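Colleague: Quick one: structure below, then a few questions.
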Amino acid sequence: MHAATTSPAVGVPSEFAFDLQDFELVRTLLKQHTGISLSESKRGMVYSRLARRLRATGQRNFRDYLNGLRQGTAEWEQFVNALTTNLTYFYRESHHFETLATLLRTRAKPGTKLRVWCSAASTGEEPWTIALTAAEVFGSLTPPVEILATDLDTGVLATARKATYNAETVSKVPEALVRRYFIREASGDFTVRPELRSLVTFKQQNLLDANWQAKGPFDAIFCRNVLIYFDRDTQLQIVSRFAPMLAPGGSLFVGHSENFAHGQRALRLTGRTVYVRDDA
Ligand SMILES: C[S@@+](CC[C@H](N)C(=O)[O-])C[C@H]1O[C@@H](n2cnc3c(N)ncnc32)[C@H](O)[C@@H]1O
C-alpha cells in the first residue's frame with residue numbers, strides 16, 4: 001500500500017505525487033513517440049491512467065517510472081496503450097460507408113482485389129464495418145477485397161483481431177447485417193463470421209514512423225479521428241504521405257473535424273471529408 005499524498009495535479013488526495021514537471025515529461029515523451037499532443041486539461045486523465053501502470057510495475061513515484069521509460073524499457077508499449085484514446089463504433093460517420101460502397105462498386109475489376117487500409121483501426125469496429133460494406137456490395141462473404149488494419153496501440157489491436165463484441169456495441173449494426181455477418185455466442189456476445197475475418201490483416205503501425213509497413217497502392221485509405229490528436233505540421237506530413245500510397249482515383253477518408261483542403265495539392269475534396277487522389 002502506498003501512503004496517500006496530496007497531488008497538486010488533481011487537487012485531491014492521491015496515491016502518487018504528480019507535479020507539473022512529471023506531466024510535462026509525459027507530454028513530451030508521448031508527443032515524440034506518437035505525435036499525440038495532450039492539452040493541459042488532460043492532467044487528471046494522465047494521472048489516473050498512468051497510476052495504474054505505476055501500480056502494475058511496482059513503481060513508487062512518477063519520476064522513477066518516467067526515468068525508466070527514458071531508458072527504453074518494455075514498458076513503452078503499456079505507456080502508449082494507456083494514453084491513447086480509442087473511442088470508435090460500427091458505422092461511425094455512416095456516410096463514408098455509402099461512399100466506400102460506391103467506390104468499391106466502380107473500381108471492381110475481374111481478377112483483381114481491391115485494397116483498403118484502415119490506419120487507426122482501434123478495437124476493430126471500423127475495419128469490420130469496411131468488411132461488412134464490401135460483403136454487401138459484392139453480395140458475398142468472400143468479396144474481392146483485402147483490408148489492412150493498423151493501429152499504434154497493441155491492446156486495441158488484440159480486441160480487434162478477436163472480433164467479438166457485446167450486444168450494445170453491435171446495436172449500431174443494422175439487424176439484418178448482424179444476422180448475416182455475425183455469429184451469436186453462448187455468452188450473448190457477437191463474433192464476426194470467419195469468412196469476413198479472413199479479409200482483414202491486423203498489424204501494429206505507428207503513423208509517425210519513417211517507414212510504414214503498409215505498402216500501396218490502396219483503393220481507399222481510412223485515417224479517421226486520429227489526426228485531431230496531432231499538431232498541424234504532423235497532420236500535414238502524414239496526409240502528404242498518404243497521397244502517393246493511393247492508386248490514381250483512390251480515396252482518403254478522414255474524420256469529420258479533420259480538414260486539409262488547403263494543405264494538399266495531390267488530394268481533391270470530393271465529398272464530406274473524402275479526398276480523391278488527383279493526378280491532373
Ligand atoms: C479515437 S480512435 C479512432 C478510431 C477509428 N478510426 C474511428 O474513427 O472510429 C484513434 C486511434 O488512433 C490510434 N493512434 C493514436 N496515435 C497513433 C499513431 N501515432 N499511429 C497510429 N495510430 C495511432 C489510437 O491508438 C486509437 O486507436
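The backbone N, Cα and C atoms fix where each Cβ goes, glycine too.
Any TrEMBL annotation is an automated prediction that lacks curation.
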Colleague: Besides Asn86, Thr88, Arg92, Asp151, Asn206, Leu207, Arg224, Asn225, which of Glu126, Glu175, Glu185 does TrEMBL list for that S-adenosyl-L-methionine site?
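Modeller: S-adenosyl-L-methionine site check in TrEMBL: besides Asn86, Thr88, Arg92, Asp151, Asn206, Leu207, Arg224, Asn225, the record includes Glu126 out of Glu126, Glu175, Glu185.
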Colleague: Express the predicted model's confidence over the domain 'CheR-type methyltransferase' (11-280) as a mean pLDDT, rounded to an integer.
Modeller: 94
Colleague: Might you list, by sequence position, any residue in that chain lying six or more from Asp151 (S-adenosyl-L-methionine binding site) with a Cβ less than 8 Å away from its Cβ?
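Modeller: Within the chain, Asp151 (S-adenosyl-L-methionine binding site) has Cβ neighbours under 8 Å at Ser119, Ala120, Ala121, Ser122, Leu157, Ala160, Gln204, Gln205.
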Colleague: Using a 10 Å cut-off, grab the number of neighbouring Cβ atoms around the Cβ of Leu207 (S-adenosyl-L-methionine binding site), all chains included.
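Modeller: Here the count is 22.
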Colleague: Counting Cβ neighbours within 10 Å across all chains shown, tell me which of the binding-site residues Asn86, Asn225 comes out on top.
Modeller: Asn225
Colleague: Quick one: largest C-alpha distance among Asn86, Thr88, Arg92, Glu126, Asp151, Asn206, Leu207, Arg224, Asn225, binding S-adenosyl-L-methionine per the record, in angstrom?
Modeller: 22
Colleague: Are there any residues at least 6 positions away along the chain from Arg92 (S-adenosyl-L-methionine binding site) with a Cβ closer than 8 Å to its Cβ? List them or say none.
Modeller: Glu125, Glu126, Thr129, Arg224, Asn225
